[in-house]
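Chemist: Following this message is one structure expressed as C-alpha cells.
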C-alpha cells in the first residue's frame, strides 16, 4: 500500500487517486490516460507525467502524440499555474469505510499520515499481523509495504495485450510506461517474483483420432500456413457431431504441429489441408494447446542436465526495435522457457545457431532458469545491440528444419519482439467497407471476367451456389458446382469457386442466398445471359491440387482463397470487447506493414482461454482486423497497432473480416 496516495500500485507506477469530479481532458496525460502528475512539457506543445515521459524516452526518441523527434533533456516542468491547478483537484480519501473526507490532491499525503483513521487502522492491523506479540508498534510512515494480502492481480496497474506466439505467450510488450506495463513479470521491493497471473501455460499433446470410415471428414476448419502471416496451422472451428467433436480433445485455437509424424508447422496452407484430408482409419496429431493463464509461480527445476550441451549464442540487432524472430514458450512439465520456433527470415534463423526445443538459461547474463517468455522479451526489447543467449540443448532432440521457399517465407511481424510505440491519431472512416491500398496477394489473386451466353429459354444454367450475406461469415455468392447438364458447363468459362458479381446487370454481391437463387432463376429464363464473375487464381503452380477432392468431403473454398478477394467484397462486422482494468484482451495478432513485404493484413492468431476475447466467442482465429475503434489498420506496423490496442482501457471495437477456415 502506497503511503502517499493510500492505494495499491506497483512501486514504479504513478500514484492513484479517486477524483471527486471529472477531470478536464487538457489535464490528462496521453500515456497513462490519468490526470497529470509532475507534468512535463515537450517543445512540440504536449504535456505528460514525469514518470510516463521518462520511461517512454528510455525506449523511444519521439513524442508519443505527434512522433516528432524528442529527447528528455529538451523537456521542462510545466508552468506553476498548471501544477497548482492539478494539485488543487479534489480527491476522496481512499479509506471510505472509516473516512469520508475530501481534500485537494496535494493534501492527501499529509491527511493519511496525520489525520486519517482508516490509514492508521490499516497500519496497526498490518503491524499486528507481522508481529502479533508487539502491541501498537507501527512502522515508520515512509515505508511502503508490498507484502499485502491483496490478490497480485490487483497490484498491476496496467494492461497487457497478449502477444503473438504459437502459444500466444511469446512476448508481451514489456514497456515501463504506466498503462502499458506487462503484469506478467513484476518484481517486489525485495526482488522476488509475484505470482505470475499473466504467464500463459501451453502444452504439446499427441492425439490419436479413430475413424470407422477412413474417408470421413474430421470436421474442423483450419487457418494459417507458412504462406500467410499466421505461420502455423491453427484450428478455427470444430463442427458439431463431427469426428473431432466426438473425440473432444481438440478445440479452436489449437496449433497443429504434426500429422502422422510429418511436421506441418512450416508448410503452406494447401499442403496442410492435403495432409489433414488424407484418408485413413487412424490419424496421429501433435497439437499445441493453450491452457490459459497460470496463477502459480515457477517451481524449482529438478531436471537433470546430464547428457545436455550448454551453448552460447550472440545475436546482433541493428537497432533496439529489430525483432529476433524467436517464439518462446513455457512447458507444464518442466520449469523455464523453451524455443518453440524460429521465424523464417528472422535474425535468429539467419544466424542458425539456436534450435527449436533449446531451453533458455540466461539472456545477457540474467538468469531465466525459472523465468517466463515475458521476462525474456523484456530483456530482448531493452537491449540496444548484442543479445547473448545461453541455452541448454539435449543431443538429438531437434525438430526438422522448415521447408525452404523464399518466395513464400513467413517472417511474420509478431508483437513478441518488435516492441511497441504509441501512434498518432488517424482519421476515422465512417463506412462499412475498409479499402486496402492493394489486395493481399500472397498465393491467390482475383480476376474479373464477363461471360455472355446464348441459350434456350427453358435451358438451365446448371450451377449450384453457396454463400450469401445472410451466411454467418457474410460471404459473397460463389459457385459450388457446375453440373454436366446446362449451358454454363457447355460454355466452360464459369468454374467452381468463381464469385458471381452480377447477372444481366443485377448486382448479386450484396444479396442473401435465397435472393441470389431467385435472381439467377428469373434471369435464366431469357434467351441471353450476361454473367460477371470473379475467378480466384493461385500464384503457385507447385501447390497440391485440391480441386479434385477425395470422396466424402463436401466442397467449399479454401480459407486462403478468400484472401485474394478485393476489399469491396469484404463485409466487415464490429466486435465490441469489454474487460476489467486488470485483464488482458486475450488475443494475439500477426501481420502489418514490413519494409521487406509491404502491407500485410493483421490476423488474429491466438485467443487465450478465460479472457474477454474467449468469453465473447465472436472473434475467431484467422479473422482479419481492418480497424480499431474506427481507425483503419492499413499501413500500420505491428509495433503501432499493439500500443493502440493497449491504450483501450475497458472497451474496444474491432472491425473484422471473418473468412471460414478450410474444411478438413
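Even glycines carry a Cβ here, placed using N, Cα and C.
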Chemist: Which range, 67-96, 97-126, 127-156, does TrEMBL list as region 'Disordered'?
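Modeler: Per TrEMBL, the stretch marked region 'Disordered' is 127-156.
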Chemist: Looking at 350-398, 399-447, 448-496, 497-545, which stretch does TrEMBL describe as region 'Disordered'?
Modeler: 399-447
Chemist: For the domain 'PDZ' (574-660), which partner among 29-67, 206-291, 450-535 gives the most CB pairs under 8 Å?
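Modeler: Ranked by Cβ pairs under 8 Å, first place goes to 206-291.
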Chemist: Please list, for the domain 'RING-type' (29-67), how many residues fall into helix, strand and coil according to DSSP.
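Modeler: In the domain 'RING-type' (29-67), the DSSP-based counts are 10 helix, 8 strand, 21 coil.
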